[in-house]
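Going by TrEMBL, these are the annotated features:
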ACT_SITE  Ser162  active site, nucleophile
ACT_SITE  Asp337  active site, charge relay system
ACT_SITE  His369  active site, charge relay system
DOMAIN    27-87  domain 'Partial AB-hydrolase lipase'
SIGNAL    1-17  signal peptide
Amino acid sequence: MLGYFAAASALVALAMAGDPEANMKAPEIIAHWGYPCETIQVYTDDGYMLTMHRIRHGKNQDDGKTRPVMFLQHGLEASSSNWITNLPSLAMGFMAADAGFDVWMGNVRGDEYSIGHKTLDPKSKAFWRFSWDEMVKYDLPTMINHALNTTGQDHLYYVGHSQGTLIMFSHLAVNLDFQTKVRQFHALAPVGTVKHIKGLLEFIAKNFAPELDIFEKIFGDGPFLPQDGLMRLIEKLFCSNDLTEKLLCGNLLFMIGGPESNQMNTTRLPVYISDMPGGTSTENILHWVQMVHTGLQQMYDWGSEAANKQHYGQTTPPIYDVSKIAVPTYLYWSDSDWLGDKQDIQEHLLPNYNPKYLIENNYYKDFNHLDFIWGQRAAAEVYTPIIEKALRDVNQMKNKL
């Protein structure tokens, strides 16, 4: 297992002396750049402890003013630190705070900041019995409701990346009352289906049966930690001989999202990967693998008609129907993305979304999955437009009062 992290660890060690952020957690990075940070913990209805990081206002701004809420939700095997590990002028968390937003950054169950439960020991198998279905049902509404209740506001602006888009698409599809709480939904590297993806999840789906018992014999039934041999095999299949790309291939997150990038600031790599992978359960990865096989955006398959009948009252897992979503939605995607694949977007999200609420469909050339959070072009081409659209809506609402 130590060899699995060898490349990433080498990068981090080389940078520690010159880049202190490589050894910091999210609250420390926020404070390092002179921004206020609050660490907030909440509990879901099924007992999981979730941590949120809040930047109440921008640098050197007044603390007493009420600001609109912008909620940032990380992707698969990631955490809230994704939004603040770039330089402040390039990081969405800092940019939104400086633009006048009260920024909340969520962490779903099982990532490094949300390892806790009222009764379950995180070392137990029972703790890790969850997939992204539970994030849809419990985590997302728990965090967002707390942010709104704390700030006394009725709605917020949501920006999700990767799995952060999947769980919002899915929650909006099944909880129609929740839709009034989201003024705008900005989906970076959006995921609904993953039939056509590349990388680690594709490899696992095509080479290992998706049945629960077989999958758990190979990968265990706790946190998802692929063995070093599997990672080296995937590196040989998917990664070039470029030195930077080889180093990125040593990190699980990049093997899921793709290591190829023409806009990554390589001097910041130790900071990016020091907090990665963020962590998730094997059961969650199995749910993703099931989606590769079915090509559907559906709930977790319990492995038999009888088990599904017990959980859902029907023999097959229910579908999350995105056509029911009535929230203004903005998509940001690229055909260089391994996980938020172009073909999946064109075959699933675009034809099924209500066109009245699909406000923008933004295509970017040469963005990989992780460029949407760390790429050097993201600030100007993605974040600034998002902030401008949200501010425009804030001002329009004020003018109506």
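From the backbone N, Cα and C atoms, a Cβ is placed for every residue, glycine too.
It should be emphasised that the depicted structure is a prediction, and the values quoted were computed from it without experimental measurement.
A simple way to gauge crowding: the CB of His369 (active site, charge relay system) has 32 other CB atoms within 10 angstroms, across all the protein chains here.
The Cβ neighbour count for the residue listed as 'active site, nucleophile', using a 10 Å radius and every protein chain shown, is 29. Secondary structure of the domain 'Partial AB-hydrolase lipase' (27-87) per DSSP (helix as H, G, I; strand as E, B; remaining residues coil): 10 helix, 19 strand, 32 coil. The residue listed as 'active site, nucleophile' carries neither a helix nor a strand DSSP state and counts as coil.
For Asp337 (active site, charge relay system), the same-chain residues 6+ apart in sequence whose C-beta sits under 8 angstroms from its C-beta are Ala189, Gly257, Gly258, Phe367, Asn368, His369.
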